[in-house]
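Chemist: Below: one structure in structure tokens.
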Amino acid sequence: MMRTGAKEFVVVRPLYSEEAFAQDHEKVYRHGKTMLDHVKDYFTCDAKRAKNAALSLLPVIGWMKIYRIKDWLLSDIVSGVSTGLVAVLQGLAYCLLASLPPWYGLFSAFFPVVIYFFLGTSRHISVGPFPVLCLMIGSVVTRIVPDEGPALNITGLEGLTRDEQRVLVASSLTFLTGIMQLAMGILQVGFVVMYLSDTLVSGFTTAAAVHILVSQLKFVLGLTVPGISGPLSLIYTLEIIFNKITSTNVCDVVISLVIMVVVFIVKELNDRFKSKLPVPIPIEVIMTVIACGVSYAFDFKTRYGIDVVGHIPKGYESPIAPNLHILQETAVEAFPMAIVGFAVAFSVAKVYSVKHDYTIDGNQELIAFGVSNIFGASFKSFAASTALSRSAVQESTGGKTQIAGLLSAIIVMIVTLAIGFLLEPLPKSVLGAVVIVNLKGMLMQFRDIPYLWRRDKPDCVVWLGTCTAAILLGLDLGLAAGLGVELISVVLRAQFPRCSVLANIKGTDIYKDRKDYIDIYEPEGVKIFRIPSPIFFANIEFFRSKLVEAVGFNPLRVLRKRNKALRMIRKLLKKGDLQWTSKGFLNTSCGFIKESEDESNMEELDLPTDFKDLPVRIDWSTELPANIIVPRVDLHSLVLDFAAVSFLDISALKGLKTALKELIRVEVEVYIVACDPYILKKLHDCCFFDDEVQSSMFFLTLHDAMLHILKKHPENLGQTLTFWWGAICCCRVGHRDTDIQKYRCTEIQMYR
């Protein structure tokens, strides 16, 4: 009778150990490539490979061939103009984070975009200044060329103004960042970004948002605050701001508040009605134009003493070479910048590629950003990545390809060459306010903390550790600290996995953690132990301790007790105090026989028990003669579920073999099930097996091993059939070409 809505399947097959399965089913032999084969393949070139290489290095060729002019061109034009206006404003604003004159942000919104158009694989991200990178650049710039005092003694900075020195430092740092990204792309190590988890990136960008917020307070309040870098720089900056709070420029505060309130409200309206609006309202651009006009009309700079953008030179400056001494000085800071810039851009690109169904190449992205930064640094731009808000504008306004990005670069170029002078009266407090409003998304990530704490406490610790370290130590050291916390979290999870003892779910061939279910059955004398983790040098001792805890006794201690008992029995037999009769051992001594405390030859106690010179084999489950007490072992079979074990290292192999030998020597049969074929091959290659630890202990599935145990220990057969085979109408235990007896179970109780 079948339960309503349930489906039952009858499976009839032989019982398989790994050896039996290998005998019945021939494997396909696959010839593994040697290192020389890989080298030959890498350097082999033909017409097809050359074509593929050209297409991979110039992805623009691939999507230009499928470009639909009628369907996509208008959308790209609208998107390019909208994104270009935002890029102009953000270029000016984010440049303040880098402690550089504002117009250099326009260079960063132009040169990298042009190069990425040809080399990038994402069709939707907007390349240019990214606030976190700008802040990291600013910390290096202010360290080498501080606001107060002379610059570091570096050859090549002599005779330059402070702004020129800072531009040289920023461009040299950007050049080195590009070199590192290009090298990683050529070496095909784009996978490094996988070590930056979403949790770590979230905590890091939140800390960066806090740094950005504090760095913009001086513009919003109209204060003169020197740039500070290094650990606790945020605390020191806040201290200076609070000490100077009485010198706040009221006009700057009012302008900033008005800008922030209006921009925030309109952005919320854009989000709420984005399905009804053809394009988002460019409120930042509108407010910037209004603020620029009002500042010019009422002469805010002279009448209220506010700081404005000032003179913006027309055109582009001549290219420069990087300063080698600065490259040496900034090598440590350049590497985290290369990683962060690529990681953020790749994460955003991956989101849009999934949404619009195309693929991106991480290694090609590294090459694209590396060349973009190298080329841009030659023309005095600073490191580029992608800003989330700018990319959202490019995608939401209908951008289909990087033609929209190229058009945005043309808008920036027009501003740089022709109408940049119109932005000269723009108050810097407006730029600071725009930056702060755009931090909303990153600052709102603080809401992730309760969610992470409820769902995954180790991930929450990674988030808090990264964020706290980045806030207090600075972004570069904070990123390193966050990576350390993340790696420790991963190691601890692998080092201390949640091991469990499994039990059979009645009426099925399914085995689950015995703590999680009520209707279970645990066969008497059998334990099933599962470890859901790779076994390696760091957790092998934890594995062994949990195994001892699961079986309920220490096999090495039991073995030593047994060997001591055998030593005592031999001694008593030799002295005549103990005799063997047809009824068993007879104690002929009148007094109490004290257990020997002889500790000599302790190594012999760890060897297998030897009964060869005794009249009979000792049954350890019965009472021993002469008051000898040995811990009782009620376990006859142990099954190790290796389904979740992905690898074993050499230390783990040694520890596992030792643990297996200890159990086998106390007469516990050990079976390993669901072992990965590559692990099994490694065991054979490492000479893991010997006379005690044999390959016959490996079984294909957990249920195969349990049925084998049932066959070998038929004393529990009557009660076990009811529980184990309730869902199997017919099963054949045994296998041909083996000595295992075949029999068929015909009377099975079906549990409903």
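Including glycine, each Cβ sits where the backbone N, Cα and C put it.
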Chemist: Tell me which of 191-213, 628-650 corresponds to the transmembrane segment entry in TrEMBL.
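Modeler: The range carrying the transmembrane segment annotation in TrEMBL is 191-213.
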Chemist: What range among 165-184, 425-444, 525-544 does TrEMBL describe as transmembrane segment?
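Modeler: The range carrying the transmembrane segment annotation in TrEMBL is 165-184.
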Chemist: According to TrEMBL, transmembrane segment applies to one of these ranges: 51-72, 73-94. Which one is it?
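Modeler: Of the candidate stretches, TrEMBL labels 73-94 as transmembrane segment.
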Chemist: Need a quick answer: max count of Cβ pairs under 8 Å to the transmembrane segment (191-213), which of 165-184, 279-298, 334-354, 461-485 is it?
Modeler: 461-485
Chemist: Apart from its near flanks, which chain residues at least 6 from the ends of the transmembrane segment (165-184) lie with a Cβ under 8 angstroms of it?
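Modeler: Sequence-remote neighbours of the transmembrane segment (165-184) are 98-101, 104, 137, 140-141, 144-145, 151, 156-157, 190, 192, 320, 322-323, 326-327, 330-331, 333-335, 337-338, 341-342, 363, 366-367, 369-378, 380-383.
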Chemist: Can you tell me which of 279-298, 334-354, 366-383, 461-485 gets the most C-beta pairs within less than 8 Å of the transmembrane segment (403-423)?
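Modeler: The listed stretch sharing the most Cβ pairs with the transmembrane segment (403-423) is 279-298.
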Chemist: Answer with yes or no whether the transmembrane segment (73-94) touches the transmembrane segment (279-298) by the criterion of at least three Cβ pairs under 8 A, sequence separation 6 or more.
Modeler: yes
Chemist: For the transmembrane segment (461-485), which recorded stretch in the set 73-94, 219-238, 250-267, 334-354, 366-383 gives the largest number of Cβ pairs separated by under 8 Å?
Modeler: 219-238
Chemist: Residues of the same chain, at least six outside the transmembrane segment (366-383), with any C-beta under 8 angstroms of its C-beta?
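Modeler: Result: 57, 95, 98, 100, 104, 107-108, 110-113, 115-116, 119-121, 127, 129-130, 133-134, 137, 167, 170-175, 177-186, 189-190, 316-317, 319-322, 337, 341-342, 345.
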Chemist: Counting Cβ pairs under 8 Å that sit 6 or more residues apart, are there three or more between the transmembrane segment (219-238) and the transmembrane segment (250-267)?
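Modeler: As far as Cβ distances go (cut-off 8 Å, pairs 6 or more apart), the transmembrane segment (219-238) and the transmembrane segment (250-267) touch.
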Chemist: Where does the mean pLDDT land for the domain 'STAS' (516-709)?
Modeler: 86
